[in-house]
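Everything below concerns the one structure shown next.
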Amino acid sequence: MKNPLRHGIAHVVPAIFPLVVCAALFGSPSAQAQNAERLATQLCVACHGIHGDSKSPMFPKLNAQSQDYLVAQLKGFRQHVRGESDARSYMWAIASQLDDATVASLAEYYSQQQPTTGGTGDAALIAEGQKIFEQGLPDKGVPACASCHGAQGQGNGQFPRLAGQHADYLLRQIEVFQNGTRANAPVMSAVAHTLGKDDAKAVATFLQSR
Ligand code: HEC
Ligand code: HEC
């Protein structure tokens, strides 16, 4: 069996589905917020951790992630435009059960959680990564990541927070932007193509340490 968790999701999704429908019926803003929190604490928590502060690099952290970005990703999974294999295996089925109002309130919930700070890593790699993040590598055509992702990697609007994210998750995303399976963001695909393996490793190590 390729993906043991997948079997589990098939059971969890139908069980949680009535909660979504309930919120649609009693769709006041506070009922929506409660519904989002219930989904987050009963379903999403299994992979993304408590308050979205995931402990495994298999699963991205969602805490303090930009609200607009979260909405775009959940819709991207639902519409199958974010098509890398982990997205297909883990998020397509889940996102297909979420209506627009639920997507909006889940995004609001996670964007309001405390960010992760104080990660560690190899000091030389962190220093190299910080330079790439802040200044880019003009010789190789690598733009400064900070110009879109924010001076502290905190994200804003369509640009995701990268600070505090698992390095291995960030590296996998750079890879899937490069191989074209995550094709929902041409801008970021172009940036990814400028990054060599060592550059990507340094910048991911720096970001995880923030
Ligand atoms: C069975 C595990 C699992 C569950 C349950 C799960 N996810 Fe995910 N999620 C993943 C994986 C794995 C990825 C990374 C996919 C990839 O690499 O493309 C992901 C990615 C995401 C992303 C993209 C994050 C980013 O930085 O781009 C969002 C948003 C997300 N999930 C939200 C949710 C929400 C909301 C729920 C609950 C309704 C949920 N997930 C439940 C496994 C899960
Ligand atoms: C011109 C703007 C721009 C620049 C410069 C930029 N990015 Fe991005 N990046 C984006 C956008 C937009 C997204 C969101 C794509 C989406 O919606 O799927 C993104 C997404 C990402 C993601 C996926 C995050 C996640 O949670 O899945 C990673 C990793 C990333 N960028 C790394 C970098 C690195 C490293 C640099 C610097 C070398 C960089 N970016 C420079 C615009 C930019």
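In case you wondered, yes, glycine gets a Cβ from its N, Cα and C as well.
TrEMBL: automatically predicted annotations, no manual curation.
Marked as heme c 1 binding site by TrEMBL: C44, C47, H48, M91. The annotation heme c 2 binding site is assigned in TrEMBL to C145, C148, H149, M188. Under the heading domain 'Cytochrome c', TrEMBL lists 31-114, 124-210. Here TrEMBL flags 1-33 as signal peptide.
Proximity to ligand 1 (Cβ under 6 Å from any of its atoms) holds for none of the binding-site residues C145, H149, M188. Among the binding-site residues C47, C145, C148, the residues whose Cβ sits under 6 Å from any atom of ligand 2 are C145, C148. For M91 (heme c 1 binding site), the count of additional Cβ atoms within 10 Å of its Cβ stands at 19 [all protein chains shown].
Residues C44, C47, H48, M91, recorded as contacting heme c 1, have a largest CA-CA distance of 12 Å.
In sequence order, L43, V45, A46, S54, F59, L62, Y90, I94 are the residues of the same chain, not among C44, C47, H48, M91, whose CB sits within 8 A of the CB centroid for the heme c 1 site. Maximum intra-site Cα distance, heme c 2 binding residues C145, C148, H149, M188: 11 Å.
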